[in-house]
Structure formats: C-alpha cells, structure tokens
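Trainee: Positions annotated as ATP binding site by TrEMBL: A:Arg95, A:Lys135, A:140-146, A:170-173, A:Glu178, A:His201, A:255-256. Per TrEMBL, domain 'ATP-grasp' is recorded for A:99-285.
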Protein chains: 2
Amino acid sequence: MRIGILGAGQLGRMLALAGYPLAKTFVFYDMSGSPSAGLGEVIIDREGKYLDDFLSRVDRVTYEFEHLPVEVAEEISRSKPVYPGPRALQVCQNREAEKTLFGDLGIPTPQWRMANSADSLKAAAEELGCPVVAKSNTEGYDGKGQAVLRSPEDAAEAWQSIGHERLMVEKFVDFTREVSLIAVRGIDGEVDFYPMAENVHHEGILRYSIAPAPQLSPALEEKAGGYIRALLNELDYVGVLALELFETADGLVANEMAPRVHNSGHWTMEGAMTSQFENHIRAVAGHPLGNTAARGLSCMVNIIGEHGDIERIMELPYAHLHLYAKAERPGRKLGHVNVLADSYEELKWRVRNVAQFLPGSPEFDCSLTR
Amino acid sequence: MRIGILGAGQLGRMLALAGYPLAKTFVFYDMSGSPSAGLGEVIIDREGKYLDDFLSRVDRVTYEFEHLPVEVAEEISRSKPVYPGPRALQVCQNREAEKTLFGDLGIPTPQWRMANSADSLKAAAEELGCPVVAKSNTEGYDGKGQAVLRSPEDAAEAWQSIGHERLMVEKFVDFTREVSLIAVRGIDGEVDFYPMAENVHHEGILRYSIAPAPQLSPALEEKAGGYIRALLNELDYVGVLALELFETADGLVANEMAPRVHNSGHWTMEGAMTSQFENHIRAVAGHPLGNTAARGLSCMVNIIGEHGDIERIMELPYAHLHLYAKAERPGRKLGHVNVLADSYEELKWRVRNVAQFLPGSPEFDCSLTR
C-alpha cells in the first residue's frame with residue numbers, strides 16, 4: 001500500500017520509518033522544506049500545482065500537521081481516503097468549535113468566552129476574572145498569537161498585539177501538572193489508549209514527557225479515556241489522536257487536541273510495545289491495532305535549538321537517540337532522546353544526566369522532583 | 001554522513017531504517033533487484049559502470065553480503081573507507097582460510113581436510129571417518145554446493161554433484177544445538193557482545209532464533225566471547241560480526257562466521273536495548289557502541305516463502321512484524337516476527353501461536369521443547 005503524507009517534517013519521517021516494516025511505501029507532499037528526504041518520494045509543491053500528481057501515486061492519505069486547509073483535505077477525500085477525516089481538521093483549526101465539541105461531549109474545559117473587539121475582550125476578562133489568556137481563534141500554536149491579561153485594562157494592548165479579528169478568551173487554570181493521552185482508533189472502530197504521560201513545557205515548547213505519568217489515579221485515567229473515546233467516536237476518527245489536559249485539584253480539564261501523532265507520544269518508540277507511529281499507520285491502512293502497553297518506564301527529552309553533545313548521549317546505555325536531520329535554529333525541534341528505566345527514581349537521575357549534554361535544557365521540574 | 005551500502009536486500013533495508021534516526025543518509029549499490037527502494041537512492045549497476053558515481057555520493061561504505069568480490073572491496077577502499085575491511089571478506093569467502101584462521105586463534109572447529117579430486121575426497125572421508133560433509137571451498141551458502149558422504153564409496157558421486165575443483169571435507173559434529181554470537185567492534189577497538197541465541201534451522205534455512213539462548217552455561221558464553229574477540233581484533237574489524245557455533249558435549253565448535261548483520265541477530269530489534277543494525281551503523285560511522293543487553297526474552301520467527309496470515313499475527317500483542325516488501329517465492333526470506341515474553345514457557349507457547357499462521361513453518365523443536 002502506498003501512503004501519501006501531507007507534510008515532510010519529523011512526524012512524517014517517523015511515520016515512514018514505522019511503516020516500511022509493514023511493507024508500506026510513502027510519498028510526501030510538501031509545501032515548504034523536505035527533512036524526510038531519503039525516506040520516500042517528496043513532491044515539493046509551493047504553488048499547489050502537483051496535488052493531482054501526488055494523489056495518482058498513493059492509495060491513502062494522512063497528514064502530519066493540523067494546519068492543512070480543510071478545503072484541501074475535502075478535495076483530496078473526493079479521490080482518495082483521507083485519515084483522519086476532514087472534520088477532525090476542521091474542529092482542531094477552530095478553538096471555538098473544539099471547545100464547543102468538548103462541552104457537548106461532557107469534557108471539562110477552562111471557562112471561555114469569544115471576543116470580536118478590544119471592548120468585548122475587556123468584557124470577557126471582567127466576566128471570567130483575570131488572569132485570562134486570549135488566543136486567536138483560528139491560528140497560532142506553540143504559544144504564538146496569544147497574550148495573557150493580568151487585568152481587564154490590558155485588553156487594548158493584547159487586542160493590538162495578537163492582531164486577529166476573533167479571539168478565544170480562557171480563564172487561567174490552576175493546574176498541578178500537564179498530562180496528555182494518546183489514543184488510536186481503527187477503521188473498524190476499535191479504540192486503544194496508551195498510558196498517559198506527564199508533560200513539562202518550557203517557554204511554550206514541550207521539553208519532557210514521562211510515561212506512564214507518575215502517581216496518576218486510575219480514576220482520572222479512566223475519565224480521560226472516556227473523554228477521548230467520546231471524541232474519537234463522535235468524529236468517526238481513524239488514526240492517532242492526542243488530547244492535552246491539565247490535572248487540577250478538581251480533576252482533569254481539557255486543553256486541546258491534535259489530530260495526529262504527537263510529540264508527547266514519542267516515548268512510545270522504545271517505551272511501548274507498539275509506537276504511536278506504527279499504530280497510526282496500522283489504523284490508516286486498516287490493520288488491527290498494535291499493543292499500546294508500556295515497556296517499563298520512560299521519559300522523552302526533546303533536543304531543542306542545538307544538538308549538544310550527542311556523542312556523550314550515545315554512550316549512555318539507557319538512552320535512545322532519534323534525530324530529525326534538521327539544521328540548528330533557536331527553538332527548533334531537532335530530535336529527541338528516549339530514556340528508559342526500571343524505577344522513577346532511576347528515571348529522574350538518568351533524565352538529568354541526559355539533559356546536562358543538551359544546552360539550554362530547562363530544569364527537570366516535574367512531579368518526580370517536587 | 002552518507003553511508004553507501006553494497007547490496008539492497010533486507011539487511012541493507014534494516015540498516016537504513018536504523019541509521020536514519022542517527023541522521024545518516026543512504027545510497028544503495030545494487031547488482032540485482034531493489035527491495036530497499038524508498039529508503040534511499042538505489043544505483044542499479046548490472047555491468048559495473050557506475051561504481052565511481054556511487055562512491056562520489058557517499059562518505060563510507062559497508063555491505064550486506066559477503067559474496068562481494070574482494071577486488072571490488074579493495075578498489076573501493078582506495079577511495080572511501082570500507083567497513084568491515086576487505087580482509088574479513090577474503091577470509092569469509094574461503095572456507096580453508098576461515099578454518100585456518102579459527103585454528104590459529106585457538107577456536108575449535110570440526111576436523112577438516114581439503115580435497116582436489118574424487119580420489120582425495122575419498123581419502124579424506126576415510127581419514128576423518130564418515131559421515132563427512134564436502135563443501136565447495138569458495139562458493140555456496142545456505143546448504144548449496146554441499147554433499148554428505150555416508151561412506152567413502154560416495155566420493156565419486158559427491159565430487160560430480162558439487163562440481164567444484166577444491167572442496168573442504170568436514171567430519172560431522174555430534175551437536176546438541178546450534179547457537180550464534182553477534183558482536184560489534186567500533187573504530188576505536190571497543191568490543192561488545194549480544195547475549196547468544198539458539199538457532200533452529202530447517203532444510204538449510206534459519207527458522208527460529210531464541211535469545212538469550214536458554215540454559216547456556218556462563219562458562220561457554222565466556223568462551224565464545226573470547227573466540228569472537230580474537231577474530232575481531234585479528235581482523236581489525238569494524239562493524240557487526242556473527243559467529244555460528246555448535247554446542248556439543250565437549251563444548252563449543254565453530255561452524256562459520258559472517259562479516260555482517262545476521263539473521264540470527266534480528267531478535268535484537270525489539271529484544272535488545274540497541275539493535276544489531278543500529279550498532280553496525282554506530283560502528284561504521286565512528287560513534288560509541290550502543291547497549292547490547294537483552295530486553296526480556298525473545299524469539300525471531302522467519303517468514304519463509306509465503307506471508308501467511310499476517311493480519312492474525314498483527315493481532316497478537318506480543319508479536320512485532322518486520323516485512324521486507326518482497327514477492328513470495330519458495331524458500332525466500334520475506335520477513336520475520338519478533339516474539340517477546342517474560343518467561344521461556346510463555347515464549348514457547350507464543351512462538352507456536354505465531355507459527356500456526358505461517359504456512360510451512362517447521363515444528364518449534366529446540367531446547368525449550370525437548
């Protein structure tokens with residue numbers, strides 16, 4: 001089976017690496033660069049001229065990023081199956097639609113309002129109670145297109161700085177930690193969950209994911225499983241879906257979802273029986289899903305901006321290196337290291353040992369270190 | 001770093017899959033088909049016209065098969081580093097040179113003689129005592145170019161059927177099982193061993209490898225480690241080397257070695273901390289070697305001739321599928337399944353469960369089932 005991937009970044013690269021052993025072949029359709037070069041044909045199409053050519057070379061289509069125009073996904077779906085389907089994209093590209101769906105399915109979210117002007121932003125901040133965070137409704141990720149309002153008086157400046165015509169305003173959530181759940185749904189409706197991960201962000205970028213998340217109550221994990229199952233079924237979803245949540249004193253609060261393999265699931269490459277990448281390919285190709293159980297404890301450490309002392313990391317007997325073959329640039333995801341251990345105590349020290357060779361790694365501040 | 005691979009079969013394919021996450025790229029130089037298509041550039045060169053072109057695109061060269069002409073390896077080594085070096089190839093292509101080297105290094109072998117005629121074959125059979133096996137000295141593998149002599153009177157017919165001018169004649173070894181040792185040596189001389197595997201052959205083709213080999217005495221494992229270390233150092237070897245041995249009532253007897261990643265090391269993909277493929281690439285590229293420790297117990301089950309009921313195998317939560325994207329043909333290696341377990345008893349039943357979906361799989365007859 002020939003699988004077409006929209007996008008040719010590290011996620012597409014890792015999907016292909018997981019898919020070749022299942023006898024799939026890959027064609028990438030890329031609108032920017034081509035870091036997946038070498039792992040299949042790459043069709044570079046800055047002007048959108050070669051989409052038909054791409055489609056003629058593939059049997060099914062998936063994507064590695066959720067910013068794909070929904071019309072493009074819909075156009076493609078008229079000639080080749082696209083998984084996940086266009087509706088998942090549509091929901092994930094629109095914060096209002098996403099939060100509304102969460103609400104409809106009984107998934108708790110931060111309190112939110114929409115704003116169409118500096119005045120309505122101010123009103124929303126007053127109504128919700130500051131601090132609030134304002135985000136452009138349809139664009140921006142990794143902390144871009146956002147502003148924090150400490151007081152309603154910040155509204156005018158925030159409106160100006162974001163520069164979009166429709167904003168979602170969310171009340172700050174007082175969370176103890178960030179967690180995520182990766183699930184996969186097959187063409188036949190079969191659903192499987194990975195153990196949840198605890199995530200550590202720094203300056204809006206994921207830095208560490210520990211899985212299974214330490215000291216997570218089974219009741220909360222079951223709740224989260226119910227939330228993502230509702231989403232998967234409602235969207236008649238096929239493939240891997242990621243759901244980011246906040247853990248609070250009152251339980252879980254959903255932050256956002258991503259209709260694709262997710263950075264907080266990279267630990268599954270050595271830390272689970274089947275990686276999220278293989279499971280996404282299995283789902284898209286219509287195979288039975290693979291075992292999502294953890295193999296011991298693991299922590300994913302992102303390599304951001306600079307490669308650091310890779311040779312020293314390669315010497316560590318518990319570290320698995322995954323490079324994306326990208327040039328160094330501040331804030332850029334260049335690779336990750338999966339650290340394995342038999343106990344959380346061991347994991348903590350091993351992660352710190354890896355992080356010392358990665359310049360600019362933030363302190364490993366998580367539930368294990370508090 | 002751009003790594004050139006001579007050959008484009010499944011071993012080259014799995015080397016590339018392991019090397020991309022280390023930011024290597026691959027160019028294959030192929031003298032026959034191209035099952036690695038998609039995983040890098042493939043230069044098909046049936047007439048040997050494009051070797052210079054291939055060499056201009058790579059920084060280092062390795063190979064996936066030992067039947068490469070030594071002169072070609074030597075020619076290449078004058079322009080680009082070739083690992084393992086041409087001397088390893090030379091020794092592995094000549095049974096007399098190989099067994100002589102084993103003897104020189106104190107590695108036990110079956111008793112052997114060389115024969116240049118039907119008469120000298122008969123004399124060798126008389127001297128060694130039948131049964132003996134006669135093998136062409138410089139060609140043949142997987143049981144081809146061989147004949148068994150039950151009595152010296154079989155010499156004329158055996159000579160005729162093999163049809164080579166120089167044969168090695170070996171006394172039959174009364175072995176309890178076949179085992180193998182995979183080791184890796186870095187450019188700096190660092191050596192690491194994987195746990196040994198027990199191998200089950202059927203009609204001259206490897207069918208099962210169980211690792212770590214059950215009930216192997218630590219003293220024997222240490223002996224084998226000493227043997228392969230002597231070979232690696234003597235050959236100033238870089239990369240993965242496989243040594244096949246017989247376990248007998250009197251200890252280990254070396255059968256042959258292969259200067260490459262080896263089918264009896266495929267279990268390392270999920271069964272060890274670092275796969276043999278990644279370690280070969282690490283060695284060739286001059287990186288530190290990866291951890292060779294086992295992750296639990298595993299058994300590699302080869303998929304031979306027909307794919308069987310792959311979908312059923314994909315449903316099994318302990319089975320990892322690796323397909324080579326090759327067409328079915330009797331006796332052909334099409335892929336393998338790595339089965340994981342926590343106990344040998346569990347492993348035995350899981351392997352049998354996998355094997356039932358692979359038509360023509362021989363009975364799983366090994367030390368676990370006797």
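The count begins at 1 with the first shown residue.
Even glycines carry a Cβ here, placed using N, Cα and C.
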Trainee: Look up A:Arg95 (ATP binding site) in the DSSP assignment and reduce it to helix, strand or coil.
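Mentor: Going by the DSSP assignment, A:Arg95 (ATP binding site) falls within a helical segment, counted as helix.
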Trainee: May I ask which residues of the same chain, at least 6 positions away in sequence, place their Cβ under 8 angstroms from the Cβ of A:Val173 (ATP binding site)?
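Mentor: Long-range Cβ contacts: A:Pro110, A:Phe246, A:Thr248, A:Val253.
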Trainee: By a simple count of other Cβ atoms within 10 Å, which of A:Arg95, A:Glu170, A:Asn255, the binding-site residues in the record, is least packed?
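Mentor: The binding-site residues A:Arg95, A:Glu170, A:Asn255 were compared, and A:Asn255 has the fewest Cβ atoms within 10 Å.
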Trainee: When DSSP states are folded down to helix, strand and coil, where does A:Val173 (ATP binding site) land?
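Mentor: In the DSSP reduction, A:Val173 (ATP binding site) maps to coil.
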Trainee: According to DSSP, does A:Asn255 (ATP binding site) sit in a helix, a strand, or coil?
Mentor: strand
Trainee: Which whole-number mean pLDDT does the model give the domain 'ATP-grasp' (A:99-285)?
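Mentor: Computed over the domain 'ATP-grasp' (A:99-285), the mean pLDDT is 95 on the 0 to 100 scale.
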